[in-house]
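The structure appears right after this line, and notes come after that.
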């Protein structure tokens with residue numbers, strides 16, 4: 001696909017928008033290389049990946065990308081034997097941790113039954129290198145400093161360094177405390193010059209201390225001298241520092257060699273994490289744009305529902321339905337300039353390119369997009385100064401090139417076709433060019449302000465006229481696309497509303513041909529009919545959606561009711577079975593005891609017979625009651641709505657709602673409503689008398705104890721955001737108008753995550769960092785709705 005077309009449709013600006021959602025420079029790099037694909041299966045795979053990432057975000061909020069940095073140059077240096085720096089090892093350790101975290105995160109999602117096969121496949125390519133990560137962490141801290149315990153030798157050297165340094169300082173400080181020091185020294189401090197300890201001596205007392213001058217003040221009045229008394233001590237200190245440097249070099253070289261053994265695995269991890277960042281950035285962009293996954297086809301059919309231009313402010317952009325490639329393969333949008341025709345044309349082109357680049361598009365669910373081998377566009381004033389071409393010539397050169405390469409698998413966009421020359425000749429050329437492209441069966445969207453093209457779509461099969469609606473009341477375009485209705489200039493109406501005298505307008509109308517006036521009247525009538533039809537269709541669609549939702553809700557209620565009923569029946573049967581088993585066990589025990597007495601040839605004693613009879617009686621009635629519940633109501637009591645009853649089948653209490661038949665009632669049991677036969681009901685008590693007092697709904701309010709602050713310090717990022725979500729809900733229930741969230745200052749990652757969550761939370765009115773007395777930027781104050 002030509003770069004010129006991508007630029008004219010401003011695809012590069014879309015990519016810039018998406019890069020803002022990447023978690024790393026690696027992700028941004030891959031996003032900037034994004035380009036449209038032409039293989040349907042590849043496109044579908046990328047769209048599905050974004051869909052899976054969106055599902056992960058809905059369920060978990062985000063994926064863990066902390067620690068993902070670009071260490072590819074360090075890996076290349078390790079391969080050729082260059083020793084890596086402590087800072088580079090810190091970044092490498094962070095990356096290895098990120099690999100481990102991501103692998104565990106995706107694994108946990110799949111174990112929980114979340115279907116993300118494509119993302120799972122990427123995660124399975126990650127290679128964890130726990131031994132290398134632990135080795136690096138045992139030698140280098142998070143700030144890139146080599147730890148004392150990186151080796152026994154380094155620990156010993158640093159112990160010696162601290163001892164020597166302490167001796168040097170003690171000796172110098174004793175010099176500073178001497179009685180003559182205040183006279184001879186510029187300041188009573190120990191400082192460092194050329195990595196050696198020195199004291200500031202006044203110029204005139206240089207000879208009093210001897211030793212080595214390492215530096216001079218800018219005025220020359222002060223000399224920074226290493227006194228002779230500590231030269232040998234400083235030399236010993238320097239020798240120890242050389243040993244420290246050599247040991248650190250040895251440790252870093254060892255770590256570099258171990259890293260070099262795994263550069264291929266690490267490079268693969270970098271590539272996989274880059275791809276995952278790329279996918280999740282596209283998903284975050286889709287969420288921000290309220291974009292959906294388009295249904296892709298290779299048949300050249302486009303149906304965009306409520307399509308919106310992604311580069312226009314989302315609170316101002318007008319959504320349009322655009323269909324192409326079904327009953328008609330060419331659309332010609334006519335009407336005056338500045339009417340929004342070009343925006344519609346660019347929306348179609350840009351959304352097609354976005355879909356082919358594996359991006360979700362800003363359009364409603366169910367939108368369909370086609371895969372084209374090429375998208376051609378002739379948009380805007382592209383005259384070439386270098387070639388000394390006029391606007392018309394420049395456009396014509398572009399059109400000639402399009403005609404050479406266009407095919408049935410092309411999408412062609414013409415903006416103001418035929419403009420820049422004599423109107424009659426331009427209109428004739430426009431129709432001829434459209435005919436030529438239409439014959440190739442390419443998909444075409446063209447805009448023009450030539451009135452001659454208004455009738456173009458009426459006498460050509462597969463061509464449809466369209467226009468952009470103009471509001472006469474406000475004298476401005478609504479940017480609403482009207483398929484099947486050609487455009488008109490509205491010049492007379494606009495002039496009348498702006499105050500042009502009526503006799504001038506009347507004379508102008510008389511200059512127009514009768515045929516032209518009839519066409520304008522026909523178009524006006526079509527516009528009204530189209531608007532009325534759209535309103536009726538919108539109302540019908542709204543009713544249909546409401547009916548579908550109601551039907552779905554009812555089906556769900558039936559499923560839940562049946563599930564509850566089955567559960568209650570199962571519990572009742574289980575209880576009955578348990579009682580039966582207990583009775584049978586008791587009976588068997590009694591029989592065994594009686595048989596034992598008989599086998600011993602003993603006569604039955606009276607108390608033994610009485611006891612056995614009693615135990616049988618205790619066991620059997622319980623079973624019989626459970627098997628044969630009394631299924632009758634009070635004979636002398638007439639049931640009425642509101643009565644509390646017992647449903648004998650389930651042994652559950654309920655309230656009567658209404659009588660549905662001669663011997664049948666609707667009963668409310670908890671959250672369930674069901675029909676029950678009257679014989680299965682037992683009256684418990686009458687309906688309470690209605691109270692005249694106003695009903696009070698009990699909700700959790702200010703007595704519900706929730707702290708006014710939430711401390712997140714020390715929490716992991718994911719756990720912290722989850723706690724914030726729950727805390728805000730609890731705080732609202734508790735009636736708190738304002739709460740504080742303590743996240744600390746740190747690296748700022750948690751603070752940013754909290755701020756981003758608060759921006760979109762339904763219960764948050766506003767948020768700000770704390771004042772000086774409230775904790776500053778380490779605390780966020782939240783005003784609740």
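In case you wondered, yes, glycine gets a Cβ from its N, Cα and C as well.
Remember, it's a predicted structure, so these values are computed and weren't measured experimentally.
Under the heading ATP binding site, Swiss-Prot lists 335, 336, 337, 338, 339, 340, 341, 342. In sequence order, 333, 335, 415, 447, 468 are the residues of the chain that are 6 or more apart from residue 341 (ATP binding site) and have a CB within less than 8 Å of its CB.
The domain 'Smr' annotation in Swiss-Prot covers 710-785, and the record cites sequence analysis as its basis. The average pLDDT for the domain 'Smr' (710-785) in the predicted structure is 84.
Looking only at other Cβ atoms within 10 Å, the busiest spot among the binding-site residues 335, 340, 342 turns out to be 335. Within the domain 'Smr' (710-785), the DSSP-based counts of helix, strand and coil residues read 34 helix, 19 strand, 23 coil.
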